[in-house]
Amino acid sequence: MAEVKLFGTWFSPFSRRIEIALKLKGVEYEFIEEDLSNKSPLLLKYNPVHKKIPVLLHNGKPICESFVILEYIDETWECPSIWPRDPYERATARFWAKFFDEKCVPAMWKVCWSKGEEQEKLKEECTQLLKILESVLSGNKFFGPGENIGMVDVTGNFVAYWFGILQELAGLHVFTKEKFPNVGEWIDEFHNCSIIKENLPPKDKLTAHLQARFQAVAASK
Amino acid sequence: MEEEGVVLLEFWSSPYVMRVKIALEEKGIQFLYKEEENIFLGKSPLLLEANPIYKKVPVLIHNGKPICESHNILEYIDQVWKDKFPILPHHPYERARSRFWIDFFDKMIYDIGRRMWASKGEDQEDAKQEFLKSLKLLEEELGDKPYFGGGQFGLLDIALIPFSCRFYTYETFCKFNLEKICPNLMKWVNKCNERESVSKALPNPYKVYDFGLEVKKMLGIE
């Protein structure tokens, strides 16, 4: 019998995406919560290269890296498809998903933890990234393709949810609805989507978790 | 963009461009290529229009629509021309493995490659050690297979082989010998170079090294 396990954490945007994808496909899975300060021998065995979550285990075989996992899920459980079938639409979707992962997430994470000149540079970088997202969303409710929420929007979950909480804790206003109205509307739509709402970590719990991290960093200086 | 058919925006020294050339050649796809004059001095209006976000080569323009990012282009090519020389492994798990290693390599080489070439002292030495550690992982993944794809030249082979034309540059700047450190990987390099698609796409490693020296001078790096 097929066995699916997901190694992740309740607060990781990367493992939450995988959960959404599995649920969209109707795949039953066992979620294994990892303690990142004390990684399990199994996690280290299944992801020896990066030692990170998420890791999907399917019939005993590990798949690592969230974007690789999302494509694997789509190709293994074919219906309903979660990535576009048309080659050009798929290439576009892949491009934007990677833009979120490789550009937006690192910059928007780092800006909240940095100080001084480094933070100023990162604020400018984040502003440029948000301007790009703003223009892509001009005339479009979602990153799509099409009229409905798709996996590209799901891969934008850090920008749509985590970043708002983080920047508030860091005392920043890099993103505001006034500066980026299209992104603001997209975030509202994102939160209205039921499968996403059901798979976000609770706001107060996530805020407390991130606040504790900020305090730990401040205390260690 | 008015281009019809298949157009590739490229620059001769980019291994990311070479990936796409190899794939198009293996699939027997006719294409027009438009070379950037010198990617370090300025970018053409067509490139800036086709790839406004990253402003980088390669860009594949297929019937007027641009596709950016080399791995993305490889997947696109394989989906569109799926009946000619499949590049992606057949099984989703094998595909995931290939994609994982491309992602691993691309993230590593982006930082490490530059540091091996442009920096000095401890920073360069650290970069060299990281590079060798990564190549040993890849050599382990290859095992005793002729190609990363097993018996068939495929996605991961196409993604990695272009970087072999930079090995001489890295070895010379950082003083190491890959034949001794990763013999199986070097056997794989030689095997891949027997393919016409690869030997046509890859420039002479000495030309790459000379260009590396020129670029360092141009950018004021000692």
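Each residue, glycine too, has its Cβ placed from N, Cα and C.
What you see is a predicted model, and the numbers here were worked out from it, not measured in a lab.
The domain 'GST N-terminal' feature in TrEMBL is assigned to A:2-81. Across the residues of the domain 'GST N-terminal' (A:2-81), the predicted structure has a mean pLDDT of 95.
Summarising the annotation, TrEMBL assigns domain 'GST C-terminal' to A:86-214.
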The domain 'GST C-terminal' (A:86-214) - residue tally per DSSP class, helix then strand then coil: 94 helix, 0 strand, 35 coil
Number of helical, extended and coil residues in the domain 'GST N-terminal' (A:2-81), per DSSP: 30 helix, 17 strand, 33 coil
